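Participant: Take a look at this one; I'll ask things after.
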Amino acid sequence: MRMTKAEGQPDVSQAECHDPQDVHALGVAAPDGPFELPEKAVEVPVAGTPSSHNSIPLMDLERDIVGWDAVDDPANPNVDFQMGQRAVLTGVCSPMASSLCAPSIESTMKDLHESSRVLGSLMITIYVLGYAVGPLFLAPLSEIYGRYPVVMISSWMLVAWLLGCGFAPDMASLIVMRFLAGLGGSAIITISPAVVGDLYPVERRAFGSAIIAGSQSLGPIVGPICGGFITEYLTWRWAYWILVLCAGSTSAVLTLFMRESNAVVLLERKVRKLRKTLGRPELVSAVQHRMSAHELLKVSLIRPLKLSRLLVKSPIVLFISIYVATAYGLLYLMFTTLPTVFQESYGWSLQLTGLSYLGLGFGTFAALFALIKYNDAQVVKLMKENNGVFEPEMRLSTTTYCGIMLPISLIWYGWVTDKRVHWFSAIAGTVPFGIGMFGIFLPFQTYMVDAFPMHAASAIAAPTVMRSLFAAFLPLAAPPLYQNLGLGWGNTLLGFVALAMVPIPLAFYR
């Protein structure tokens, strides 16, 4: 028994990127009639087809088609896996900024003369709201102008607004600048999975996704651990200034060493160069844009909204998006409440509260290593059982086992902290949450890249917006929830919510 498309579900694996009319509507030209690739080509499996039926186009000037010079053309990003790993370090700082200041909520509120705990939580989660807004225009821009310029400019935007946060005179200014910093930091979060799709073939894509997602998961875990010590020995403002040093250094590395990975953009550049040097204006890219720059920009900016129709048309995308968004919201609820819980329940000092995140970190990396080892191997196995045909739903088989971890963790952690059982048990109770969260998030992200390889950044944007909205606003319910129900019953209620999500992956088995 394996995961497949539910009965009556639209074939999302064949959506916009494979149908010629849909491709044209999205701003990518479909060839006039069937486009036959040269005989020599690299075979790469794509959704819904046997792994030997899709190829990378080579140069064919006799037919006025511009492609790659050779199978191992160094200009082809698909032969440079190491390039994707250069973005790993850069991907740490953006999510780190979302949680580094979590241990300093109380001291920040005191320094800025603010008493509302809801505003204190909003100070942290507003950053993630920037993650919801940024992908709507940054993702399609990366498909028009390339990954490199969008990520580079956005990364320096992150640095600038983090610097401003360190000088914020009041809570309102801090909240606004954290939102703008999140806007800049959203580029690397949204575009990194698309870079994985640019660089890695299907049978190695889970590995590439795990490397990127692992680096992005490292930030929110390491951030609070460092933030507690920084705030204790310096001030909460220094937390932002140290982030500026970190983000500035990695942005400089990105600017100097990252290369463009979007093959469509690279081939368009090659076409322009050859038209000029060969004097052949009739040359076209194997995947060309037939619209004007203005029309292309307009269509591309609304592409995430078009792809958001998948949330209505495709049950698997809709329900898995809700599942991941709920889990992500619960994760940030824990991020914003762990310091307060350990200070009040166990009397921990500010510098020690950051260590309360170690359980989440351990669980996250346990899931990371397990998925690196087994997810790609599972896909290869399912492809063999399916006559060599790849389906993106094959990625989701592991989510069934990970989903049950979330309610177990929430109920365990809630009652242990409510009864003030030893702190080690409380931290251990968060380990299953890290396993479950990452075990749900990574397969779904890779699934979207597999299903929409040509427009991965835009396809990921729609569920990213939902996920970020949950992460921004669900934690605001924590203060009244714990005040009225306590840690035990409050987390039990959240555990029941997570438990209700567990059957979702099972619905797509047959």
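For all residues, glycine too, the Cβ spot is worked out from N, Cα and C.
What TrEMBL lists as domain 'Major facilitator superfamily (MFS) profile' is 79-510. As annotated by TrEMBL, transmembrane segment applies to 118-138, 144-163, 175-196, 238-257, 316-335, 355-375, 396-415, 421-444, 456-477, 489-509.
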Participant: For the transmembrane segment (355-375) and the transmembrane segment (238-257), check the count of CB pairs under 8 Å (sequence separation 6 or more) and say whether it reaches 3 or more.
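Facilitator: Stretch pair does not touch.
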Participant: Which whole number is the mean pLDDT over the domain 'Major facilitator superfamily (MFS) profile' (79-510)?
Facilitator: 81
Participant: Can we call the transmembrane segment (144-163) and the transmembrane segment (238-257) in contact, meaning three or more C-beta pairs below 8 angstroms at a sequence separation of 6+?
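Facilitator: In this chain the transmembrane segment (144-163) contacts the transmembrane segment (238-257) - 3 or more Cβ pairs sit under 8 Å.
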Participant: Residues sitting near the transmembrane segment (118-138): Cβ under 8 Å, six or more positions beyond its termini, same chain?
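Facilitator: Same-chain contacts beyond the ends: 97-99, 101-102, 105-106, 108-109, 150, 154, 171, 174-175, 178-187, 189-191, 301, 304-305, 332, 335-336, 457, 460-461, 464-469, 471-473, 475-476, 478-479.
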Participant: Considering only Cβ pairs under 8 Å, which range in 175-196, 238-257, 421-444 makes the most contacts with the transmembrane segment (316-335)?
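Facilitator: Most Cβ pairs under 8 Å with the transmembrane segment (316-335) come from 421-444.
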Participant: Below 8 angstroms Cβ to Cβ, which residues of this chain, lying six or more residues outside the transmembrane segment (421-444), approach it?
Facilitator: 206, 209-210, 213, 217, 320-321, 323-324, 327-328, 330-331, 334, 338, 341-342, 345-346, 348, 355-368, 370-371, 375, 395-399, 401-406, 408-410, 412-413, 463
